[in-house]
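Visitor: Below you will find the structure I want to go over with you.
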Amino acid sequence: MALLVEKTTSGREYKVKDMSQADFGRLEIELAEVEMPGLMACRTEFGPSQPFKGAKITGSLHMTIQTAVLIETLTALGAEVRWCSCNIFSTQDHAAAAIARDSAAVFAWKGETLQEYWWCTERALDWGPGGGPDLIVDDGGDATLLIHEGVKAEEEFAKNGTIPDPNSTDNAEFQLVLTIIKESLKTDPLKYTKMKERLVGVSEETTTGVKRLYQMQANGTLLFPAINVNDSVTKSKFDNLYGCRHSLPDGLMRATDVMIAGKVALVAGYGDVGKGCAAALKQAGARVIVTEIDPICALQATMEGLQVLTLEDVVSDVDIFVTTTGNKDIIMVDHMRKMKNNAIVCNIGHFDNEIDMLGLETYPGVKRITIKPQTDRWVFPDTNSGIIVLAEGRLMNLGCATGHPSFVMSCSFTNQVIAQLELWNEKSSGKYEKKVYVLPKHLDEKVAALHLGKLGAKLTKLSKDQADYISVPVEGPYKPAHYRY
């Protein structure tokens, strides 16, 4: 696809695959709104006061139908928005088209190359001569990463004239990041520094991006305040757990039509995502094995009736492999060579480094047979047997299906709206330093409460005597910060 920004008749910039899908996207957005009571409640509560008036928000988060409802909630509250996806396969093109036509600048399409992906990220951050965004909604931390790497390069350039060398790294994706920064130095050697100075803060959606933020906080390089949305209970214990429980089997069946019942499935990692995946596979009739490094998570798995073994113990016996760790080098090419014919290998962690795709792609004589988009059979020459890899080792639930359903994403995205409001409303107060924060418990409980009515749930009310007896306010919060749900 030619990397040229287009404009709507109203002058809004965009780059999507097919604007003719906008009407279809609008119909699905309207369906999703009914399933997203938290976001709709935000529009009702905050819309009249327009709290985001004057705010420029950049989003780097999967451009799906559910995200479209988030974007239109931000614009309904007064924000200007520019958006890109945080994964090359996760965009739903009809959602991107509808938002580009009706609401916000969008730069996203399904099946981007890595070069196109980083071009889209750069466009979403580009607010013209006035600098960058005021706020960032990030998922995985790529928008945050680009700004941090850009500022670091600009400081080096100002200090000693050093220009980033893309060949200084073997990582093909990071080479593209350095190339973008190198080119920006030619036209504006303070581009990312000006972005940093304008930024009020970022709210981060997922485990992987949160890890990046805490690493930067620990080494003193975090450039602006950050709110960790992922560790809100109404995000991690719902989106990560119940969302994956729904979307993993959806992706598996759309990609392969395989019958899960009776199969041996291995889930690498038993955190919230792993728990949801293992539950889905078990409920579908698979015999589930878990791999874990953490004895507590391993013990939890055994108490759920799951086997806890090492990958090396069972690699030749497993039919379906799912990585959920957020780590790297979990399934290597030497493991893949030992797998049974047509074993399915997939990842539901954020990045593509859990599965050794580079080792697979460069294995001597290996043959790649594309069955359909994001479903490939790789045949090894020495065994003449193959494995099926989904979404090229990236997020299979969004690459091969449509990701988490609207209701559970409403929980996550309501947290995002509240986090963005918190950062924006406190921008001049000094409340938030260059650190990582978590939303307070009373807001977590508010997000949950906004979703109960849709499910027909009714809360029991504490009397004053009961509340005093357990030392909590009648209206909450009901649990201490250290409580484990």
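Going from the start of the chain as shown, residues are counted 1 onward.
For all residues, glycine too, the Cβ spot is worked out from N, Cα and C.
Below, the features straight out of Swiss-Prot:
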BINDING   T64, D139, E205, K235, D239  substrate binding site
BINDING   206-208, N240, 269-274, E292, N327, 348-350, N397  NAD(+) binding site
Visitor: Spatially speaking, which of the binding-site residues T64, D139, K235, D239 is closest to T206 (NAD(+) binding site)? Use C-alpha to C-alpha, please.
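Guide: Result: the closest of the binding-site residues to T206 (NAD(+) binding site) is D139.
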Visitor: Based on Cα distances to H350 (NAD(+) binding site), point out the closest of the binding-site residues T64, D139, K235.
Guide: D139
Visitor: If you measure from the C-alpha of D139 (substrate binding site), which of the binding-site residues T208, G269, G271, I348 fall inside 10 Å?
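Guide: Among T208, G269, G271, I348, the ones whose Cα sits within 10 Å of that of D139 (substrate binding site) are T208.
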Visitor: Could you give the Cα-Cα distance between K235 (substrate binding site) and T208 (NAD(+) binding site), in whole Å?
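Guide: Checking the Cα atoms of K235 (substrate binding site) and T208 (NAD(+) binding site) gives a distance of 14 Å.
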Visitor: Find the one among the binding-site residues T208, G269, V273, E292, I348 whose C-alpha lies closest to that of T64 (substrate binding site).
Guide: I348
Visitor: Using a 10 Å radius around each Cβ and counting other Cβ atoms from all shown chains, which of the binding-site residues G269, G271 yields the largest count?
Guide: G269
Visitor: To the nearest Å, how far is the Cα of D239 (substrate binding site) from the Cα of V273 (NAD(+) binding site)?
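Guide: Between the alpha carbons of D239 (substrate binding site) and V273 (NAD(+) binding site) there are 9 Å.
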Visitor: Residues with Cβ closer than 8 Å to the Cβ of E292 (NAD(+) binding site), same chain and 6+ apart in sequence?
Guide: G269, Y270, A298, A301, V308
Visitor: Round to the nearest Å and give the CA-to-CA distance linking I348 (NAD(+) binding site) with E205 (substrate binding site).
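Guide: Taking the Cα atoms only, I348 (NAD(+) binding site) lies 15 Å from E205 (substrate binding site).
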Visitor: I need the CA-to-CA distance for E205 (substrate binding site) versus V273 (NAD(+) binding site), whole Å please.
Guide: 14
Visitor: Are there any residues in the same chain, six or more apart in sequence, whose C-beta is under 8 angstroms from the C-beta of T208 (NAD(+) binding site), and if so which?
Guide: G140, G141, G326, G349, H350, F351
Visitor: State the count of C-beta atoms found within 10 angstroms of the C-beta of D139 (substrate binding site), not counting that atom itself.
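Guide: Summing over all protein chains shown, D139 (substrate binding site) has 26 other Cβ atoms within 10 Å.
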